[in-house]
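Positions annotated as ATP binding site by Swiss-Prot: Ala47, Ala48, Ala49, Gly50, Ala51, Gly52, Lys53, Thr54. Per Swiss-Prot, compositional bias 'Low complexity' is recorded for 1181-1199. Annotation source Swiss-Prot lists domain 'UvrD-like helicase ATP-binding' at 26-532, citing sequence analysis. The domain 'UvrD-like helicase C-terminal' annotation in Swiss-Prot covers 615-920. For 1-25, 590-649, 1171-1205, the entry in Swiss-Prot reads region 'Disordered'.
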Amino acid sequence: MNREALCHDDPIGHDRLRPDSIPRDPKWTDEQWQAITARNSDILVAAAAGAGKTAVLVERLIGIIKEGVDVDRLLVVTFTNAAAAEMRERIRTALTKELARHPHQTWLRQQLVLLNRATITTLHSFCLDLVRKYYYRLDLDPAFRVADETEIALLRQDVLDEVFERFYERAGAKEGTESKGEYFTALVDAYGGDRDDSPLQDIVLQLYEKALSQPWPEQWLQDILGKFQEAGDTIAEQTLPGELPAWEALPWFAALREEMSIDLAEVESLLVRALSLCRQPGGPAAYGDAVTADLQLTQDLHLAAGRSWTQLHECFQALSFTRVKAVRGPVDESLKKEVSRLRYQAKKKLTDLQKKYFLRTPHDLVSDLTQVLPLMATLVDVVLAFDRAFQAAKREKRLVDFNDLEHFCLRLLLDESASPGVPVPSSLALELKEHFAEVLTDEYQDTNTVQETILTLLSRNNRFMVGDVKQSIYRFRLAEPNLFLEKYRSFSPYDTPGPVNSDHGAPDHAFSGQGASVPGARIDLAKNFRSRRNVLSAVNDLFRRIMTPRAGEMAYDRQAELVYGAAFPELPGRSGDPVIELWLLQRQPDADGSEESIETQQNANETKGAIDGDHKNIAKAGESPAQNTADVAGESPSDDAGEDAGQPTGGEEELLLLETAQYEARLAARRIEELMKSAMPVYDREQGGYRPVCYRDIVILMRSTKGRADIFLEEFRAAAIPAYADTGAGYFEATEVSILLSLLRVIDNPCQDIPLAAVLRSPIFRFTGEDLARIRLAEPRKTFFDAIEAFIGQAEAAARDTFTPIDPVAIRLREFLRQIDAWRTLARRDSLAKLIATIYRETGFYDYAGAMPGGGQRQANLRALYDRARQYEATTLRGLFRFLRFIERLQDQGGDLGTARTLGEKEDVVRIMSIHKSKGLEFPVVFVAGLGSQFNLQDLRRDLLIHKNLGLGPVVVDTQLRYRYPTVAKLAIQRRLHRETLAEEMRILYVALTRAKEKLILLGTVREVAKSAQQWLHDAEGIPVAAALPDEVLLRAKCYLDWIGPALVGHPDGQEIRRWAEGAPALGATLPENNLTMTKNETMTEQERIDGSSRWRLFYAAKKELIGLRKETGSETPFNPVWLEKLRRLEPIIPTDLVDASLSWSYPYTGLSGIAAKVAVSRIKKQFVWHSPETPPSSETPPSLEIPPSLETPPSLETQTPSPDALVDLRPRFLQQDRRLTATERGSAVHLFLQHLDLAGEISQAGIAGQADRLVKLELLSLEQRQALNEEEILRFLESPLGHRLRKAKQVMREVPFTLALPAAEIYPEKRAEGESVIIQGVIDCLFEEDDGWLLLDYKTDRCPVGMDRERWLQQLRDSYLGQVNLYHRAVESVLKVKVKGRCLFLLSIGREMAL
């Protein structure tokens, strides 16, 4: 370009070039050039992965600057500071090159100067600059600072605790019967959890954060509350004939009808398949009529779902099924069985929908919303109160957080006349709007609503937005991908730009060729310049099948597909691109086939619990669909299979997940070895040619690195593969950090035994375990610090008495105390950072850490601790004590700082990272692991859900009868969030697969390959190869393999799935070596490349085939003379193989991890019965115990409906409305009275009353307990034959505590616990001695339920307490060594003795 005419000394007056007159640079594609040169309107660039969007954005900026726009008149918003710095540097480089060609152009020099103050930054940084400049308009202290995330999190929790405390105080004051305080009490009871109110606090914070993502947070809160008020209004409205009820307009019913359409479409597909089988030769034609009737019924339901909830409810109320006719004549049994299975699934789905959504009338559903309205109003009040208190606390400390920056900026840009939905710009906004010639936004798909409002106020149809909605994976940070989608749908495709106006602002006319007004233009950058053709074809083949508008929030159509644009030169001897590998790891089933898959176990535990877990303890039958509710994702054979096996405990499930990660890591390690051994060629653009693959070319991606990355590191270490994982955790567990924190705790307070012992044993002071034992013996009863002083005193006295040298340990201890005292003085006088620096210098610990294995990382961690101390003291807090409390609170809340990063880009190691952290990066070889791990749907299990559009979704909770069930609002929000979560997971998978440049290897685990393959075949049956899978199949997915498997069924290379489904190859067969080495068909052919179809190779491996893959590390290392030289150079000399052997050691007692060391009788009493209940045991042989099969699984709380009288109010006493004791508390009062009863006193009702009053005066009984005593029942007991025996006994022992050790195998027979013991603790009500032995007595206050047969109740009581008395019997004879001649219960409520 000729810059002589353009870049002269007076840039203001020169003629500007029109974009359409700029000649096209051949290095850019047509679409890229359009994105670079288009002007005069809002422009949305949908840039696919690897499309070079950053280069396009920089080139556009350079072009605008060349047109005469000063660089400081451009607002460029990036997602990260690193992206902003990179963009600024690229612009500087381009301007510098231009200046080199035109050295006399002062205008170019001016742009380089202006670049330093150009607004190329993150949105938060822009907001911060604006707030700093106009702080006085916001009534902010000019010395404010942006709080650290950890600091603000701790302050937020403090403020929230204070707000809750104020609401508790208001509740305790009882200001009126309908006060907000009482509603707060009900709110805590309903949503506060069983142990504390932290679940409710989480809800408050979640709602608060959700509100802050809206431009008008308070108005948004009032709007979502208004939906519940509107529901109440609709109940009273009269409906005219032919009109729909007013409540039909409530958003939750419309949302649920949309979800019903998806469910009914699945039922239709099942029945259509069944009907086609009926009509096949040999099919059960007699079933055809019933299946046809079912299909017609389903279609009618589908039509009703599109009309109104009223019609849909009526149709479901009339739901009935036609009986099938008997099959006569010859028939294919396999077809008959398949038709029966399909029809059963369809009927079950319909009946499940009926039970979950339609057992209760619409009026009842709306009434539920009015019932929870006061609680939702109180919740909003709490959120608003927290907001006010939080803002006040931040102002007091002169702090702002990132949310404040956005909303303060918004306040500056909004005029006082602005109102919700009407963002009127302020004078400042108008000024900035005129100043900025263009507003450019990178990663636009990750923008939220507040940020969108800010950018809109700063622009005048001069926005340029770049992003890829398929890579929007930050919904958890409240990003709103729909902002991108709405513009993409409303903007017209770019055609021909109109003339440029003089302000580089609003367009003279629109982009349309007809001149019609459109809101903006869109440009698709579909060409991918990163990956090989086969990688792109594989991504297209997969997402064309799974990304649909309903399941993925957009269609993966021609505009969304990736187009090959990279230039990979041909390599001699190589025929084409590497194939995509999909590895299925087979977890070997048990011999009886009862082992359950990880996926299915998690299905039942998480997903089904998430959707069905709201229906708990319905008070009356039919009031709410409490049972047999369906999973939102539908039914599947794997779901059914999962019901046959017992579910594992949480600990067992975690072990299964870790085991799966271990074998996937082992396979990945072997595959990496093969790639390195074969010297797989990769193209290096910097070198301009091919080179052998290096470790740094390889990345392992996983959905979450927590708990998995460490396992991969361990396996890679065992295989001698260098690897690095940035897990963002593990900092506090690092040895060097733990030692320094212990030392700081000792400096703060030396009377802390554990930190003190840790410091003494540390490399800083190097005391041995024997030294510590001797110190403790000097003073066994006091603190360890006292023991040190006592040891020194005793050693000095002994030296004086015996005229011998002082014990060397005492000398070292005296020096230790002197050093600690000096540091304590320094801590009081100087900064915390200086204290830490002094410790590093005086102890040499920093240098010592550098000489340890991994010394660079350790020193980086120590530097991070020093930096953290400096940052801490930059806050409003000071001092060592507060810093340590800060660290402790951070750890208590599960926080971590993450190990310091020391890895450089060029270091030759395999990277292990989460998919989120990989966004924006690229690697020649990408492994995606954990594809069989289930999606995390735990949030759907919350008692109260929140949605940006549908508002609040609570459950109805009756704290007296102890049941809960979801409102229609929660049902709707639950389904909507489920869909949005799966859409996000689909985009995360897209990001993972598009990181690969040359080779993609996928790893996933299934229980049995054959069963998984059969399910995938069912899911894809009848679907054309080029068509998307049904939404109901996609929404049923529990893991990524549930999408990948069905999508590959119709692929030419997916035939392997059919072979697996048929049982070939045989499961458990030895894994062929060439399956690992990939010696055949490594690349796709030229014809396949031309056709555009992707090439895959599918493998499976059973667990037993992977066990032998790990290399064993030797245990001995001969002496090496080089060590002496390393010692002279102060380098570490520890043999790495010995370190590896130690670090790879596996804990041998994993099987005992779920066994309690101590357990109360009340926790296990129902598990124990005699082998022969009718034969009482002899005193010589204590009774043996077993767990009855019916009690192996504890009864679910959801199946029990305790009587209100049996429930304990979990609220604090001062919050309880009714101070009457519960049945449990009354029983405790009776036991307490009988424990202190004087058996020699007067036995009459008056005498019992007198003794009870005496115990009240002695404060052994409370007044409430005294009033709960039934004196007649107690008198009846004392006057009974058993009571007479008790009063005449030779010796009486009451409330006898005991501790008994039992073999763990008796308590946990399912564990491998040979040789282990469990401590059993309990209290025996009464033991009394007679002439011929001891009698064991247990008195009970149970009462027979109304309407229940007494004999049946007595039998239930006997069965219930038999195990408890058995344990008491065994304890007495084992501990007291006395003979128990008999055992009995006394039922106080009926005055009856029961021998056991």
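Every residue, even glycine, has its Cβ placed from backbone N, Cα and C.
Neighbour list (Ala49 (ATP binding site), Cβ cut-off 8 Å, at least 6 residues apart, same chain): Asp468, Lys470, Gln471, Asn528, Arg530, Leu562, Tyr990, Val991, Thr994.
Secondary structure at Ala49 (ATP binding site), taken from DSSP and collapsed to helix, strand or coil, is coil.
Those residues of the chain, other than Ala47, Ala48, Ala49, Gly50, Ala51, Gly52, Lys53, Thr54, with a C-beta within 8 angstroms of the mean position of the ATP site C-beta atoms are Val56, Asp468, Leu525, Asn528, Phe529, Arg530.
Per-residue confidence over the domain 'UvrD-like helicase ATP-binding' (26-532) averages out at a pLDDT of 88. Thr54 (ATP binding site) falls within a helix when secondary structure is assigned with DSSP.
Remark: Ala48 (ATP binding site) has Asp468, Lys470, Asp524, Leu525, Ala526, Lys527, Asn528, Ala560, Leu562, Val563 as non-local neighbours, by Cβ distance under 8 Å and separation of at least 6 in sequence. Ala47 (ATP binding site) counts 28 other C-beta atoms within 10 Å of its own C-beta, drawing on all protein chains shown. Proximity of Gly52 (ATP binding site) to non-local residues of its own chain (separation of 6 or more, Cβ distance below 8 Å) is seen for Gln32, Leu525, Phe529, given in sequence order. Set side by side, the binding-site residues Gly50, Ala51, Lys53, Thr54 differ in how many other CB atoms lie within 10 angstroms of their CB, and the most is found at Ala51.
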